[in-house]
């Protein structure tokens, strides 16, 4: 059964117990463009106590630099790039370190600028993505569109994530690459969240867009880089030997049971669910012991307020 | 083992044996806008011998009227509306006859004009579909788009099919309807073909687009109206009592094993696969007895040429 954080004594014990605090962003620190209460103070308190803070996000439309801008804009200062792990960055690292795709190969991107920027930083050229030629005709599609036939022979991997600017041309070109060379090009997903919560509504998530090209090609992604997949956790641990040696010194804080809490649990960390996102107290209390978070709280700011 | 049609004797026996000839269109009669050899002559020969000819198609972007125009344009004359069964028509009939959706309810359409026209003919109002407001912003999407929040309370069913003009807004509004009222609105698919063949390439099919909103909503369609589903076959049989009484008097002619041949076989008809579409002779000869078509031929026009 999860312990609810309701008083100062609990917070003190929690701060004593953990050295690494890993935070999901949307639903924990902010909701869309609206900062949640006492977030800067909570983060500053953790840093003042010498804690390591790390931010993780499955939203691949933004790069780590974009996230730094967002932190600044919302009044959370002093965050550095090495404290931020996004699914776009995790995917670029996967392509570089695990796939070891040669740098003279290109990556076809179904997704937005966040993915492109992270790949470019690691020295890869991208095709697709935000290329304006792909949206010249808007939502209109002609089967004889020249780009359908002009596949780039230098493409060595296909990376798919969330795009709000999806059209039939982008989906169909992605399909061509997935079918090419007897379906042998690596197929990587930034994450497979089925929905994307915006202002209390569930919109189409990366996983649902990827499902289109997966179903059409008869393939499933060879790798999924976002939470709850451990690729991102392994990258975090590699940067933090203390966490690597003793995962129980780490606390994963998030608002989703099936991604954030699973991500922490699978990595051997303790977990704290906050109720500012999509889960409810009833959901938490109904969970079986083996999937219940270690703690839960009404909001992250309670750690500062208590 | 399938019998290959290679001579006049076989054709004569085949014409003696069957009274009902059901044809898939694309890949059998034409490839895109290119008529295959001796199609008008073959169809005329069948009609001259008093055979009933019926045309079926899973392409929901066109209505039956659109198909009549296409037949005319390609030089196949004398086809009437009651000889054509499309997945858009089959879906409209399903909503009317099986669901018995009251006529004061509307249907949300993820799809093109073919679906709208068939629903309108049966007296239903549609929302979504080709509404220009849905593509005003082209491929751009803003999460605060007013249409996301303005769901029509009169919508009583969601019908999804192929659209070349897909965008994030259309997919996300479809998702809102599928989640609405505790996921209780009927969810109907015109067909679930994963790909759409155009000029030797496989593009995104209706099934792959529908998979996006299915995955996002955690639902699967309550009904699938196209081939190989038998809803369309039952409608054909209802119009043709002789076929109803004795399905073995019918021959299903198509170019796809997993849709056309299965459609005929599941309906109790004999089957003829033509090699002008996506299957090869090697594929046919490798099939187990229970899924092999009754006959195969290089092309439909062979029935006339021999």
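Here the Cβ of each residue, glycine as well, is placed from N, Cα and C on the backbone.
Nobody curates TrEMBL annotations by hand; they come from automatic prediction.
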Site co-member for Mg(2+) according to TrEMBL, given A:24, A:26, out of A:255, A:266, A:270, A:290: A:255
Between residue A:24 (active site, nucleophile) and residue A:255 (Mg(2+) binding site), the C-alpha gap once rounded to whole angstrom: 7
Other same-chain residues whose Cβ falls within 8 Å of the Cβ centroid of A:24, A:26, A:255, the recorded Mg(2+) site, in sequence order: A:25, A:27, A:28, A:29, A:57, A:254, A:256, A:260, A:274, A:277
Local backbone state of residue A:24 (active site, nucleophile), from DSSP in three classes: strand
Length of the line joining the Cα atoms of residue A:255 (Mg(2+) binding site) and residue A:26 (active site, proton donor), in Å: 8
Which of A:24, A:26, A:255, all recorded positions, has a Cβ with the fewest other Cβ atoms inside 10 Å: A:26
Set of same-chain residues at least 6 away whose C-beta sits under 8 angstroms from residue A:227 (substrate binding site): A:24, A:56, A:58, A:87, A:191, A:254, A:259, A:260, A:262, A:263
